[in-house]
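Visitor: TrEMBL lists these features:
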- Trp107, Glu117, Asp137, Lys139, 200-211: substrate binding site (BINDING)
- His209: active site, nucleophile (ACT_SITE)
Amino acid sequence: QRIGLSGEGTDAVVILEKTPFQEEKIPDLLKKAMKAELQMQNDIYCTFYLSPPPELSEIKATVVYPATEKHIQKYLRHEVHLIRESWEDYQNITLPFIQSQSFSIQWVYNILEKKAETERIVHENPDPSNGFVLVPDLKWNQNQLDDLYLVAVVHRRDIKSLRDLTAEHLPLLRNVLQEGKEAIAKRFGVPGSQLRIYLHYQPSYYHLHVHFTAVGHDAPGSSVERAHLLADVIDNLAVDSTFYQKRALTFPLRADEPLFKKFQEAGKV
């Protein structure tokens, strides 16, 4: 909590993460004197706990303030279950739940309307139907390419998630795939063959967006139960326009999430 002048506290979420090592700083890390505590030794193998100097001990802090109860719940550790959602489940359980929520995505519209983060835009296709904005994800500090992470946010506001996609959206998806790869190769020198390009289901917010991460980076949400490769989505829609209105989709839900409780109430868990 942050205590204001009135003495009342306002909730905040602070996420602390160790930043990845930067290759050029490794020699300094190995040369400089630091506290080393031996933890285990077995034959040729030793494990030490090191205390590096401050300039090599960066921690990234992400702050959400003021934070709602939903923000707080999002970042707490909870038991996770896998849900197998049929199209009927989506229509009867998930969609009504989405429509009943009022979780603001104004920050997404701020990016699209150039009210925020304009200096961070890597590429934009301004077409209102088939265009998008490509920006670095906040989880990437842009200091190294090993954990490269960008997000393409589409201009259209009528596509909530993978479930809404049909063959009508193929020009948009192909633009995101092709132009996104070209922009990242031009700006960061990373070829498309070294990118993992995917959509989440369920997404963390209901405005269509596509994730671009380095293949070697174990990015949050890149696991098989949540990530759908954009190239596969395009191929599936090219074969069957209503592919994602027919098939069952699996996704993880925390036990404390309201949507999980809806599936419980429906006897689906």
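In case you wondered, yes, glycine gets a Cβ from its N, Cα and C as well.
I'd like to know what surrounds each of these features in this structure.
Guide: Taking Cβ-Cβ distances under 8 Å and a sequence gap of 6 or more within the same chain, the neighbours of His209 (active site, nucleophile) are Val108, Val151, Ala152, Val153, Val154, Leu199, Pro203.
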Visitor: Pick from Gln202, Ser204: which of these binding-site residues has the biggest number of other Cβ atoms within 10 Å of its Cβ?
Guide: Gln202
Visitor: Using Cβ atoms only, which residues of the same chain lie under 8 Å from Val210 (substrate binding site) while being at least 6 residues apart in sequence?
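Guide: Same-chain residues close to Val210 (substrate binding site) (Cβ under 8 Å, separated by 6 or more) are Phe132, Val151, Ala152, Val154, Val176, Leu177, Gly180, Ile197, Tyr198, Leu199, Leu230.
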